[in-house]
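As recorded in Swiss-Prot, the features of this protein are as follows:
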BINDING   24-31, 67-71, 126-129  GTP binding site
LIPID     Gly2  N-myristoyl glycine
Amino acid sequence: MGLTISSLLTRLFGKKQMRILMVGLDAAGKTTILYKLKLGEIVTTIPTIGFNVETVEYKNICFTVWDVGGQDKIRPLWRHYFQNTQGLIFVVDSNDRDRITEAERELQNMLQEDELRDAVLLVFANKQDLPNAMTAAELTDKLRLNQLRNRHWFIQSTCATQGHGLYEGLDWLSAELAKK
């Protein structure tokens, strides 16, 4: 016997199921990333009030991605999405130097939550096409990622509008979640 329901479903249907929570400050590019992954194209977005949820299939893994609005009034609601989250995607607007401290604070607060203790962390350093964008190395420092203990994390430079870096991030996420 010894099969978990997840591995049984994988054997029957061939796809592993993963629950991913995608958060970040407002206007970081979360919804653009979600629909670029889902549809392969750029869609016109408006600020997300509440959430979007889509299934993204990639490399025999079925990711259920929850894209939760990032406005400051909505952020206290993020915690309602933490349960059973296996992977956390934190999207940062690499060009928004004025709010990087705010992004760091929100990320660090989230990572203290007990329900996310086992979730792996993928940071999308988005908007790398803009001339003033912070590099992944600079963001690693500003987000204090090197200070994280007992957490698997990875930062990926991305440009959601062009699709650059998104699948490289999913490759890392897939590999990490396959280890669990």
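Here the Cβ of each residue, glycine as well, is placed from N, Cα and C on the backbone.
Sequence-distant contacts (6 or more apart, same chain, Cβ under 8 Å) of Val68 (GTP binding site) comprise Leu21, Met22, Val23, Lys30, Thr48, Gly50, Phe51, Ile74, Leu77, Trp78, Tyr81.
Neighbour count (other Cβ atoms within 10 Å of the Cβ, all protein chains): 17 for Ala27 (GTP binding site).
Cβ neighbour counts within 10 Å, taken over all protein chains shown, single out Gln128 as the most crowded of the binding-site residues Gln71, Gln128. Between the listed binding-site residues, namely Gly24, Lys30, the fewest other CB atoms within 10 angstroms of a CB are found at Gly24. For the recorded site, Lys30 (GTP binding site), the DSSP three-state label reads helix.
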